[in-house]
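Worksheet for the structure shown next.
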């Protein structure tokens, strides 16, 4: 088994024979095609940091009744999804280390079944994480543009149905993906899902930023000198850049990898790109580390509750 192989079925494109892959690699014999050797310790460290961060977010939201609202429930679900990404990767890492050192002996069939189960869990957490990022964007959009009707639109019942639907859909789609991994149609659906989430977040956040900029312009036009407009616009632009930039940088390479699997599995450039699979996984784990900083820790109420959780002030 290779080092940290979640979604191992996607690691080597099935469209290309082994001979074609090796020929393509030889044809593109640049040093950068050798891939990137990422130590197991880095995966473990990032996984543990993400696990602790997101566990604290979940604990804080459960502890503070003031945070028992649809908005924070969605953030809590995002933290659970990111936490599952870390747990799944840590579980697979531990399984492989135990097998490699002979501390655990299992038949090949049991190993395959366990690996498939872990892959389904990883894929499900990835899909649910993407889904909740989109739901949080929609929730913020409703908060800004339909503030007076927010509580009638985003009721607790609708929030619960939304969360349950995402978890169910993520589990089913991930099971289909892992069991039918040789189908390009399945990969195209996953790629389409990512592009949909990217466009959704882009449109919603840009619209929200445009509205905030308009309001700041209206306020600053009544002031002498009008400095608030420029400062507020800059702050909003920075926030928007961080939100969309982190999303695209952390998720983009992996989904570009899937696009190349479908479009050019034997092309020399694509073959070189495939060798960086572990780097793309590191970026996804990094996203699980960054998400709490963007979506949770910016809340003053949640930060206060986190301090109480850390100091055991229950």
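Glycine is treated like the rest: Cβ placed from N, Cα and C.
Automated prediction, rather than curation, is the source of TrEMBL annotations.
Same-chain neighbours of the transmembrane segment (42-62): 4, 68, 72-73, 75-76, 79-80, 82-83, 85-87, 89-90, 93, 281-282, 285-286, 288-289, 291-292, 296-297, 302, 305-306, 308-310, counting only residues six or more beyond its ends whose CB sits under 8 Å from a CB of the stretch. Annotation source TrEMBL lists transmembrane segment at 42-62 (among others).
Per TrEMBL, domain 'G-protein coupled receptors family 1 profile' is recorded for 53-295.
The transmembrane segment annotation in TrEMBL covers 74-97 (among others).
Residues annotated as transmembrane segment in TrEMBL: 117-138 (among others). Within the chain carrying the transmembrane segment (117-138), a Cβ under 8 angstroms from the stretch's Cβ atoms is held by residues 6-9, 71, 74-75, 77-78, 81-82, 84-85, 88-89, 91-92, 95, 162, 166-167, 169-171, 173-175, 177-178, 190, 193-194, 197, 200-201, 204-205, 247, 251, 284, 287-288, 291, 295, all 6 or more beyond its ends.
As annotated by TrEMBL, transmembrane segment applies to 159-179 (among others).
Residues or ranges marked as transmembrane segment by TrEMBL: 185-212 (among others). Outside the transmembrane segment (185-212), and at least 6 residues removed from its termini, the chain residues within Cβ reach (under 8 Å) are 127, 130-131, 133-134, 137-138, 140-141, 144-145, 173, 176-177, 232, 236-237, 239-240, 243-244, 247-248, 251, 255, 258-259, 261-262.
Taken from TrEMBL, the feature transmembrane segment covers 233-261 (among others).
Per TrEMBL, transmembrane segment is recorded for 273-297 (among others).
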Cβ-Cβ under 8 Å with the transmembrane segment (74-97): same-chain residues at least 6 beyond its ends: 1, 3-6, 40, 43-44, 46-48, 50-51, 54-55, 57-58, 61-62, 104, 114-115, 118, 121-122, 124-126, 128-129, 132-133, 135-136, 139, 159, 162-163, 166-167, 281, 284-285, 287-288, 291-292, 295-296
